[in-house]
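Here is what TrEMBL says about this protein:
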- 50-118: domain 'HMG box' (DOMAIN)
- 50-118: DNA-binding region (DNA_BIND)
- 155-219: domain 'HMG box' (DOMAIN)
- 155-219: DNA-binding region (DNA_BIND)
- 232-298: region 'Disordered' (REGION)
- 252-266: compositional bias 'Basic residues' (COMPBIAS)
- 289-298: compositional bias 'Basic residues' (COMPBIAS)
Amino acid sequence: MAPLGSVPAAVSQLARSFSAFSCSNPFLRSLTAVKSCPGRCLTSQPSGPPKRPLNGYMRFVMQQKPAVVQQNPEIKPVDVVRRIAQQWRVLSPEQKKPFQEAMQRDMQKFKLDLQKYQSQLTPAQLQQQAVERKQRMTKRKAIRKKRELTSLGKPKRPRSAFNIFMSEHFEEARGTTTPAKMKSLLDDWRSLFSHQKQVYVQLAEDDKIRYKNEMKSWEDHMLEIGREDLLRGQTRASQRRPAARTAAAAAAKKKKTKATKAKPAKKTAATPKSKAASREVKSSAPTKTVRKGSTKKV
């Protein structure tokens, strides 16, 4: 293997420019994975599906990144992207046009390659792709919703007793990696006595009260700004109950009124005068003698 000193200066400079972007940011990692030709469609495998071409902004980033890194070797990768983004914002539409046109040309080629690739797939593979696409969309929606809730200041969920214990003793925990530290902390937690755990249990109960109060204030604020869709299910159900009871009472009252109107009028009871007249008529009727002294009206 040739020593590093024999590598040409241009290749060494290119390696340093790419190593400057080896950070944990997935966006920057995607930039470093692109070759010098930004118009090429990215594919994870030679036989895999074609991926969408870079848009105009990303093409501008790939073009300006080497120059910005060379001029500012000590700058952080995040600041490099921010500086390029500022340059993109001040460009005129005419200056952005070449990047947009290149994206449109590659997009046409991408559509043709995608149709060719899909024509070679079986119905089962197409169905599997549809399922995977649905899963990706669901994951993206969940990420966007989480970011939105964070930006709206939704309170953090209460911590458990073990989480509080782990946060307090994580630094001095045994192990060199995070999983090893967590495993040692779990063993320490299980070896604690009940009265030792009670301190963290009480802290967890206090954190639940904090969460409940903060969520009540936050949901009231969401109602004020018209974001009922962000409320918890139980909160929405509690709001629907009074409205449902009011609607049920109104329906019952309406039904009762309708039944009262449809009910026929009762027969008028006989007056005391008419009862007395009927008794007088009966008493004035002639009678005849029957055997054994009984009488019978004629």
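The count begins at 1 with the first shown residue.
Quick reminder: no glycine exception, Cβ is built from N, Cα and C everywhere.
Mean pLDDT across the DNA-binding region (155-219) comes to 94 in this model.
Counting residues of the DNA-binding region (50-118) by DSSP class, helix then strand then coil, yields 55 helix, 0 strand, 14 coil.
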